[in-house]
C-alpha cells in the first residue's frame with residue numbers, strides 16, 4: 001500500500017515537473033497566491049474591518065442622513081435609504097454571506113461527500129436505496145422546503161444555512177458517488193482492499209483525497225449562487241432578517257428600486273464578483289495540485 | 001473513464017430482462033427501465049411534498065375565508081377539500097384522483113386544475129427548453145475554444161465573463177437586460193408573452209430576454225465546468241496522448257476524444273441543474289409578466305391555495321425527473337458501452 | 001472603415017451602461033436635494049377635450065391589485081378591495097367616489113344609482129336606480145337583480161361578505177322596478193362611504209350567472225360597467241373591450257383596456273419606460289416615485305393620503321399591558337424624521353387615524369406624546385429595560401419604516417427584534433394573539449369604511465391590540481349617526497382617547513402613486529382622488545388618450 005502511495009506521488013511529481021518550465025514557476029506562484037491572498041484579504045477585511053476601521057455601524061444609522069452619495073463626509077461609499085453606512089454594511093454583510101456560502105459548501109462536501117463515497121464504495125442494495133432517495137431530493141423543488149422552513153421556523157442565519165445546505169447535499173453526493181465508482185476500478189484501490197485495510201481507512205486515506213478536488217471545484221462554482229440565493233430567500237420569508245446586512249439581501253433590496261438607486265446593487269455585486277473569482281481560482285488551483293494534473 | 005458514468009446502473013436489472021428481450025433493442029430496454037425507475041421517485045417526491053406542506057402552520061381554510069367566516073363555514077370548506085382528513089388519507093385521495101387525470105379543484109378560484117394549467121405549461125416549457133438550448137449551445141463552443149489554448153487570451157476573457165455571470169443574481173440580470181435591450185435600444189419587448197399561434201417571430205421575440213436571463217448563469221456554469229474537465233482530459237489521459245502520437249490534429253483530439261468524454265460530466269451537471277432551472281422560472285416569470293406555471297405557483301403560495309401548490313410542486317418535480325430520464329438516455333446514445341451493459 | 005463601424009457598435013452597446021452609471025451618479029449626487037412636494041399630476045392643468053378610441057395597457061402589482069386569484073365575481077372575490085380597477089371596469093358601480101381635479105371636495109356620488117336616502121333614523125336606506133341600464137348581455141339592471149346580488153353577497157362564505165347588520169325580516173327588498181330598500185338592525189353612518197369598495201357596489205347579471213354557473217362566471221363575469229371581458233387569466237391578464245351598451249353616452253373613451261399583473265414596482269417602471277404599458281397603479285417604492293417624477297415621459301399622481309401608519313401595541317399582553325412601556329414607544333418614535341429621511345418630504349403627522357385626504361382630519365391631537373428621547377430613556381430605565389418584537393407586512397416601504405423605527409427605539413434603550421411577514425403571517429400573528437407591536441396602516445377616507453379605525457381598535461375585530469369598552473362605545477356612536485358634525489366630534493374624542501391611553505402611536509399617511517405615460521388622462525389616474533382604503537379608484541370610463 002505504501003508502495004502504491006509512493007508511486008502515485010512519484011507520478012504526481014513527474015507530471016508537475018513536466019509541466020513546470022522555468023518561466024512558469026513564478027507564474028504558478030502568482031497563480032496560487034493572488035487568489036489565495038485575495039481570499040485572505042476579503043476574509044480579513046470583512047471579519048476584522050468593522051471593528052478595526054473607523055467606520056459607523058452597519059445598522060442604526062440616522063434616517064435623516066439617508067441616500068448620500070459616495071465620498072460624502074464620514075461615508076466613503078455613501079449611505080443607504082435608511083441612513084446606514086454602505087461600506088460598513090458591505091463589510092458586515094460580507095461576514096454573513098461568506099459564513100453562509102462557506103458553511104453551506106462545507107456541509108455539502110462533508111455530508112454529501114460522505115454519503116456519495118460510502119454509497120458507491122459499499123454498493124449493492126444500500127447504494128440503490130441511497131441513490132433513489134437522492135433522486136427524490138434532487139427533484140424536490142427548493143421553494144416548498146424554503147416556505148416550510150420560513151413559516152414554521154422563521155428567518156435566521158441557521159435556518160437559512162439549513163435550507164440551502166439541504167439542496168447542496170444531494171448534488172454533491174451524486175458527484176462524489178460517481179468519482180468514487182471510478183476510483184474503485186483503479187489498481188491502487190484494489191490493492192488496498194487486498195491488503196485488508198478497514199473500509200473507513202480506505203475511504204479516508206484513498207477515496208477522500210481523490211474525490212475532494214472535484215467537489216471543491218464544484219462548490220467554488222456554486223459559491224456565488226448560494227450567496228445570491230440567500231438574498232432572494234427574503235422574498236419568501238427566509239434569509240438574513242433585516243436590518244442585518246448580507247450581500248444577498250443588499251442586492252435583493254437594491255434591485256427593488258434599481259432604476260433609482262443602482263449603486264445599492266452595484267457595490268455588493270462587485271464584492272460578490274471579486275469573492276467568487278478568487279474562490280474559483282483557488283478551487284481550480286487546489287484541484288490542479290491535488291489531482292496532480 | 002468518464003467522471004460520472006458510474007451514475008448509471010452497472011448491472012442490468014434482471015426483472016426487466018424479459019421485457020427488454022421482447023422489446024428487442026437494448027436502448028429501448030434502457031428507456032423502459034428508466035421510466036419504470038422514475039415511478040418510485042415521483043411517488044417519493046409527492047409524499048415528501050405532502051408531508052412538508054403539512055408542516056406549514058396555520059389552517060388554509062381559515063386563511064382563505066378570513067376572519068368574518070363562522071366556524072361552520074370554515075368546517076364546511078375543510079370538509080369540501082378534505083382538510084379534515086388525516087395526512088395519509090388526503091394523500092390517497094389526491095393520488096387516486098391524479099392517476100385518473102383529475103388534479104383537483106383550486107381552493108381559491110374554484111377552477112379545475114387542468115383548466116388553470118391550460119396554456120401555462122407551454123409558456124414555462126418553452127422558457128425552460130430555450131434556456132437549455134441557448135446555454136448549452138453557447139457553452140460547448142466557448143468551452144472548446146477556451147480549452148484549446150488554456151491560459152490564452154480567449155480562455156481568460158471567457159473565464160472572467162463567466163465568473164461575472166455567476167456572481168450576478170438572475171433577477172438583477174433580468175432587469176439589466178430589460179434596461180439595455182428594451183428601454184435603451186427598444187429592440188425587444190420588456191414584458192409579456194406572445195402566443196405561438198400569433199406568429200412564431202413575435203413569440204420568439206417575447207422570449208429572448210427571459211431566456212437570456214435564465215440561460216446566462218447556466219451558460220457560465222456549464223462553460224466553467226466543461227472547460228475544466230476538457231483541460232484535465234487533454235493533459236492527463238492516455239488515450240489523448242495515444243491519439244496525439246498517432247498524429248491526430250489538435251482540434252480532432254479536442255472534439256472527438258476529450259469533449260466526447262467530458263460530455264458525460266456535463267450531462268450530469270445539467271441533470272443536477274434542472275430542478276434549479278425550473279424553480280428559477282418563478283422569479284423570471286414575475287419580472288417579465290409571463291403567464292407560466294411559476295407565476296401560478298407563486299400565486300398559490302401567496303393565497304395559500306394548498307391544491308395549486310401541491311400539484312405544481314409535483315409537476316415541477318416531474319419535469320425534473322423526466323429531464324433526468326432524458327439525460328440518462330442521452331448517455332446511452334453517446335456511450336454504446338452502457339447500452340450493451342458491458343461496463 | 002471596418003474599424004470605425006466597430007467603434008460605433010461598441011459605443012452603442014456601451015451607451016446604456018454609461019447611461020446607467022450617469023444616472024447612478026446623478027441619483028446619488030442629488031438624491032438628498034430632490035424635494036418633491038405633493039404631486040405633479042395634472043391638477044388644475046387644462047388637458048383639452050377627451051378623445052375617443054385607442055387601447056390602454058395598465059400594469060398592476062401581482063402582490064396587490066394584480067392578484068385576483070379568487071376570480072372577479074363580486075360575491076366570491078376575496079380581494080375585491082384591491083381589485084378596484086378590474087371590478088370597476090366590468091361592473092361600474094352603484095356609487096363612486098369623485099373629487100375635484102385637485103383632489104379636494106371628494107364625495108360619494110351615485111353612478112348606476114340615481115339617488116339614495118336614509119329614513120327611520122338611519123336604519124333604512126332607499127336606493128333609486130338609474131332607469132334604462134342594461135347589462136352587457138342585454139338583460140335589464142332592475143331592482144330585483146340588485147336585491148338578488150346583495151343577498152347573495154351577504155350570504156357568501158367569503159371574507160369579502162359585507163359586515164352590515166341587516167334586519168331579520170325582509171332585509172333587502174325591491175319596492176318597485178327601480179327602487180331597492182335596505183333594512184338594517186341599527187343605523188349605519190358609514191354605509192354609503194363603504195359602498196365603493198364593497199362587493200355590494202358591483203351588480204352582476206343574474207341571467208348570465210345562472211347560464212354560466214359560478215365557476216365560469218368568476219372568470220368571465222357579466223356586468224353593466226364600461227367594459228366587457230374578452231379574456232381573463234386569473235392574476236395574470238384581463239383583456240377588456242368597450243361595452244357598446246354602456247349607459248353613459250360617448251363613454252368609455254377607450255376601445256380596449258388590458259390589465260397585466262407584474263412582479264413589483266421596478267419591473268413595472270422599466271416596462272413603462274420601454275413603452276410596453278401605458279400606466280401603472282399603486283407605485284409605493286419611494287426612490288422609484290422620485291425617479292419617475294424626474295422623467296418627462298410620465299405623469300405621476302399621488303392620491304391625497306388617507307391611511308396613516310400606526311404602530312399597533314398589543315395591550316392584552318406584556319409588555320404593552322403596562323402604560324409606561326407604551327409611553328416609552330410614543331416618546332421614542334419620531335415619524336417626522338422618518339418622513340424626511342425615507343420620503344424626502346415633510347408629510348404631516350397628525351397623531352390620529354385620519355389622513356389629510358380623508359374625512360374628519362385635524363392637524364393634531366391635543367396632549368399627544370411627541371418625540372422626546374430623554375423621557376423615553378427615563379421610562380425604559382424605570383421599566384428595567386424593554387425588549388419587544390416589531391412586525392410588519394412584507395412590503396418595501398413598510399420594511400423601511402420598520403427598520404427606521406427599530407433604529408429610533410434602540411436609541412432609547414429598547415431592544416427590538418423585527419419580523420417582516422407575508423400577509424398570511426400577519427393574519428396568523430393577530431389571530432394567534434402572539435404579537436407585541438405591529439406596524440400597519442389604520443383609517444380610511446371615512447374612518448368607518450374599509451380598513452377603518454374599528455378594524456384596528458374595536459374589541460370585536462381580530463386585528464385589534466386594544467379591548468376597551470369606552471372606545472367601542474365611541475365607534476358605535478360614530479357609526480350609528482349619519483350627522484357628519486356629530487361623527488367628527490366623536491372621532492376626535494376617539495383619537496384623543498387613544499392618545500391619552502397611549503394605545504398606538506400614529507405616523508404620517510402615505511398614498512401610493514399612479515404612473516401614466518404622457519398623453520393618457522383620466523380622473524384618479526392623472527388627477528388625484530383620495531384613496532378609499534389603500535388604492536385610488538380610477539374612473540376607467542373617463543380615461544382617454546391623445547390620438
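Positions of Cβ are set from backbone N, Cα and C atoms, glycine also.
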| query | In TrEMBL, which of B:13-34, B:35-56 is labelled transmembrane segment? | reply | B:35-56
| field | Annotated transmembrane segment segment (source TrEMBL; candidates B:94-120, B:121-147) | value | B:121-147
| transmembrane segment per TrEMBL - which of B:168-187, B:228-247 | B:168-187
| query | Are the transmembrane segment (B:168-187) and the transmembrane segment (B:264-288) near each other by the rule of at least 3 C-beta pairs under 8 angstroms (pairs 6 or more apart)? | reply | yes
| query | Taking residues 6+ outside the transmembrane segment (B:35-56), which of them lie with a CB under 8 Å of any CB in it? | reply | 16, 87, 90-91, 94-95, 306, 309-310, 313-314, 317-318, 321-322, 325
| field | Distant-in-sequence neighbours of the transmembrane segment (B:308-334), which means Cβ under 8 A and at least six residues beyond its ends | value | 5, 7-8, 27, 30-31, 34-35, 38, 41-42, 45-46, 49-50, 53, 94, 98, 103-104, 106-108, 113, 116-117, 121, 125, 128, 260, 263-264, 267-268, 270-271, 274-275, 278-279, 293, 296-297, 299-301
